[in-house]
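*Asks:* Supplied in structure tokens, the structure appears directly below.
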Amino acid sequence: MLKQLKNYRRIVVKIGSALLVDRAAGLKRDWLESLGQDIAALHHAGVEVLVVSSGAIALGRTVLGLPKKALKLEESQAAAAAGQIALAKAYADVLGGHSIRSGQILVTLSDTEERRRYLNARATIETLLKLKAVPVINENDTVATTEIRYGDNDRLAARVATMMGADLLVLLSDIDGLYTAPPHKNPDAEFLPLVETITPQIEAMAGAAASELSRGGMKTKLDAGKIANAAGTAMIITSGTRFGPLSAIDRGERATLFEPARAPVNAWKTWISGNLEPAGRLTVDAGAAKALKSGKSLLPAGVKEIDGQFERGDTVAVLNEDGREIARGLIAYDAEDARKIAGHKSDEISEILGYDARAAMIHRNDLVVRAASNAEVA
């Protein structure tokens with residue numbers, strides 16, 4: 001059973017574009033007012049609330065009168081520029097009506113994937129919370145490109161939740177939770193009120209995005225769940241289409257709870273695990289996969305194949321022979337040297353490379369292993 005939201009310490013709420021913006025009418029002001037009432041109730045109860053809000057591009061399209069057809073990159077960026085101003089003002093007005101201050105944070109992928117910028121972003125948001133302001137966070141779509149972006153705010157919200165040590169992430173969506181199949185396609189789909197671990201079977205239940213205003217679907221929400229749950233953050237998926245969507249959770253309206261890992265990883269490994277776009281991928285043999293699960297470092301001898309271009313210290317994914325990701329870590333070699341030593345014993349590395357080097361390709365202190373259930377283990 002879901003506990004009352006007021007019993008959480010810090011909550012990240014993600015709001016999708018389709019909830020905020022109507023293609024013809026623009027901003028759904030009445031709905032936003034109802035959300036503001038929910039946030040205010042939690043805020044005045046001592047709960048810290050952070051908002052990750054989509055909607056800048058969708059709102060900017062309306063503001064600028066752009067056509068319904070797919071936008072070019074520069075048109076999307078222009079729409080975001082216009083929409084961000086309108087969106088920030090709307091939140092400031094709504095929350096200000098409850099004597100709550102807000103602050104806008106626009107981030108790019110590198111703000112969470114590069115350690116120094118990650119720490120700076122965290123410090124800024126933490127300061128806003130100490131000042132009793134509600135941070136309103138969105139991807140900076142005015143400068144993000146197709147190649148370098150989060151791509152959806154579900155995973156951004158999960159990254160924010162883990163970065164800020166939130167104990168709950170709420171994804172407000174156009175669907176009221178997870179089903180065994182997309183319910184709009186399969187009338188026999190069964191609703192799942194609780195997910196203890198996100199298994200491959202759970203992932204297979206995900207469908208595609210249902211709205212042209214949204215970039216994310218159930219798959220991205222499950223990706224968000226894996227990031228959040230591994231760091232000890234619970235996640236709820238519920239419908240945001242009703243007025244007062246947060247208080248609706250407390251009233252017992254339908255929602256799916258994803259339980260956090262029982263043994264969450266530490267802050268350093270949370271950052272590694274949450275990296276959204278690994279720079280490369282290493283395929284390892286069965287022996288290496290077994291060694292990683294027992295807490296060992298990844299040695300070159302067990303590496304069968306290397307994909308991608310990366311530098312020393314970049315985050316890479318480790319795959320088993322079936323192509324499934326089993327770990328993620330910071331690699332001790334660049335791609336060129338890694339390819340040279342792959343498959344070789346550690347005592348051969350110096351002779352191959354011509355300099356003294358580390359025995360491990362990824363040290364266990366820089367490695368996060370995914371258990372079969374998708375929970376993270378150190």
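Yeah, the Cβs are placed from backbone N, Cα and C, and that goes for glycine too.
Got these off Swiss-Prot a minute ago, pasting:
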- K14, S173, D174: ATP binding site (BINDING)
- S54, D141, N153: substrate binding site (BINDING)
- 279-356: domain 'PUA' (DOMAIN)
*Asks:* Report the nearest neighbour of N153 (substrate binding site) in space among the binding-site residues K14, S173, D174, comparing Cα positions.
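*Replies:* Comparing Cα positions, the closest of these binding-site residues turns out to be K14.
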*Asks:* Per DSSP, what is the residue tally for the domain 'PUA' (279-356) in helix, strand and coil?
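*Replies:* Secondary-structure breakdown of the domain 'PUA' (279-356): 26 helix, 22 strand, 30 coil.
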*Asks:* Please give the greatest C-alpha separation between any two of the substrate-binding residues S54, D141, N153, in angstrom, as a whole number.
*Replies:* 11
*Asks:* Rounded to the nearest angstrom, how far is the Cα of K14 (ATP binding site) from the Cα of D141 (substrate binding site)?
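*Replies:* With the alpha carbons as reference points, the distance is 16 Å.
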*Asks:* Determine the Cβ neighbour count for S173 (ATP binding site): the number of other Cβ atoms within 10 Å of its Cβ.
*Replies:* 27
*Asks:* Return only the integer: C-alpha distance in Å from K14 (ATP binding site) to S54 (substrate binding site).
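*Replies:* Spelling it out, the Cα of K14 (ATP binding site) and the Cα of S54 (substrate binding site) are 8 Å apart.
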*Asks:* What does DSSP assign D174 (ATP binding site), in three states?
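*Replies:* Looking at the DSSP assignment, D174 (ATP binding site) belongs to neither helix nor strand, so coil.
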*Asks:* Between S173 (ATP binding site) and S54 (substrate binding site), what C-alpha distance do you get in Å?
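*Replies:* Distance (Cα to Cα, whole Å): 11 Å.
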*Asks:* What whole-number value in Å do you get for the largest C-alpha pair distance within K14, S173, D174, the residues recorded as binding ATP?
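*Replies:* Those residues reach a largest Cα separation of 12 Å.
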*Asks:* D141, D174: which of these binding-site residues has the sparsest Cβ neighbourhood within 10 Å?
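*Replies:* Each of the binding-site residues D141, D174 was scored; lowest Cβ tally within 10 Å is D174.
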*Asks:* Looking only at C-alpha atoms, tell me how far D174 (ATP binding site) is from S54 (substrate binding site), rounded to the nearest Å.
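*Replies:* Here the two Cα atoms lie 13 Å apart.
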*Asks:* Just counting, how many other CB atoms are there within 10 A of the CB of N153 (substrate binding site)?
*Replies:* 27
*Asks:* What does DSSP call K14 (ATP binding site) in the simple three-state scheme?
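*Replies:* K14 (ATP binding site) sits in a strand per DSSP.
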